[in-house]
Every structure is written in structure tokens, then in C-alpha cells.
Amino acid sequence: VDACYEACMHHHMNSDDCIEACKNPVPP
């Protein structure tokens with residue numbers, strides 16, 4: 001899970017949306 005958040009901070013300045021996606025992963 002940490003990797004997901006870290007990726008958000010590295011790839012997205014506003015990790016707000018990214019973090020939400022991390023909490024609610026979308027099925028492929």
C-alpha cells in the first residue's frame with residue numbers, strides 16, 4: 001500500500017485523487 005501512496009506523491013502533486021483511488025482500487 002505504501003508503494004501506491006509513494007507513487008501518488010511522485011507522479012501526482014495532488015495525491016488527493018490518487019490516494020482516493022488507492023483506497024478504492026478500480027477492478028480491471
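Just so you know, glycine gets a Cβ as well, placed from its N, Cα and C.
The disulfide bond annotation in Swiss-Prot covers Cys4-Cys22 (among others), and the record cites a large-scale study or a structure entry as its basis. When secondary structure is read from DSSP and collapsed to three states, Cys22 (disulfide bond) falls in the helix class. Around the Cβ of Cys22 (disulfide bond), 16 further Cβ atoms fall within 10 Å across all displayed protein chains.
Annotation comment: Swiss-Prot describes Cys8-Cys18 (among others) as disulfide bond. Residue environment of Cys18 (disulfide bond) contains 17 other Cβ atoms, counted within 10 Å of its Cβ in all protein chains.
Highest Cβ count within 10 Å among the disulfide-bonded residues Cys4, Cys8: Cys8.
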